[in-house]
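According to TrEMBL, the features are:
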TRANSMEM  20-42  transmembrane segment
TRANSMEM  57-74  transmembrane segment
TRANSMEM  86-103  transmembrane segment
TRANSMEM  154-174  transmembrane segment
TRANSMEM  203-220  transmembrane segment
TRANSMEM  232-254  transmembrane segment
């Protein structure tokens, strides 16, 4: 029965899923974080600007592997979770990640033409002189699909699935509420990736609401005498460390006037790639050396 929670489910236990969490963390780092790096460092002759880059193929693999791992994670939950919501979320996830693939592919290829991520679309030197000016609107539409629509349809289902899984990570046995060594080893890389996801994806509001929902659920279940199992602790602690990393990142770049201009408003969280193109590398020189 989809969406039903059986009474006996509450007393089932689930060991730490080292294999799934390891594969999940590894493919996140390689296929998501590594895709723009692969695009930049591999010879341009291998992947011409009018063809998909190496990073695009990484993104395609990510769009297939990640939904599969999320489904396997849900299957291992000790509780019967709302499958219909999970399936709809997976469909939305694939749609959003695919939209992002197209927009992100073009935006990252523009780097080789001098596009600067720390500037807005209209402020970029290679964009603002386009004729006719309506072409600028087209690039802004591309940016909207990449950074807003694509991210929303990608990350909202992603965090929703993680939260749905988290709701099944409770046990009445206090001895099971501890993390094995394998979980401790994966917490650092997992947290660092979530920091990258939140900052580069500009989804702090979504992340913090998910984290608050987790905290509220933990306190609610504690009143019932239930505690987090090893998988729940791994996910919860990863989110806590992520929040600390975000705070350190914001504090470090608090007085950066250029990034402040691109990210105005109360919530100031610069993107790592905007910081990279502004401070860490001359991409024109990198292009010439390829």
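Residue numbering: from 1, along the chain as shown.
In case you wondered, yes, glycine gets a Cβ from its N, Cα and C as well.
A TrEMBL annotation is a machine prediction, not a hand-curated record.
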The transmembrane segment (86-103): which same-chain residues, six or more beyond its ends, come within Cβ distance under 8 Å?
56, 59-60, 62-63, 66-67, 70-71, 74, 142-143, 145-147, 149-158, 160-161, 164
Given a Cβ distance threshold of under 8 angstroms, which distant residues of the chain, six or more beyond its ends, lie next to the transmembrane segment (20-42)?
53-56, 58-59, 61-62, 65-66, 69, 72-73, 76, 108-109, 111, 182-183, 186, 189-190, 193, 196-197, 231, 234, 273, 283, 286
May I ask for the residues of the chain that lie six or more residues beyond the transmembrane segment (232-254) and have a Cβ under 8 Å from a Cβ within it?
16, 21, 162, 165-166, 169-170, 177-179, 183, 186-188, 190-192, 194-195, 198-199, 204, 207-208, 210-211, 214, 218, 268-270, 275
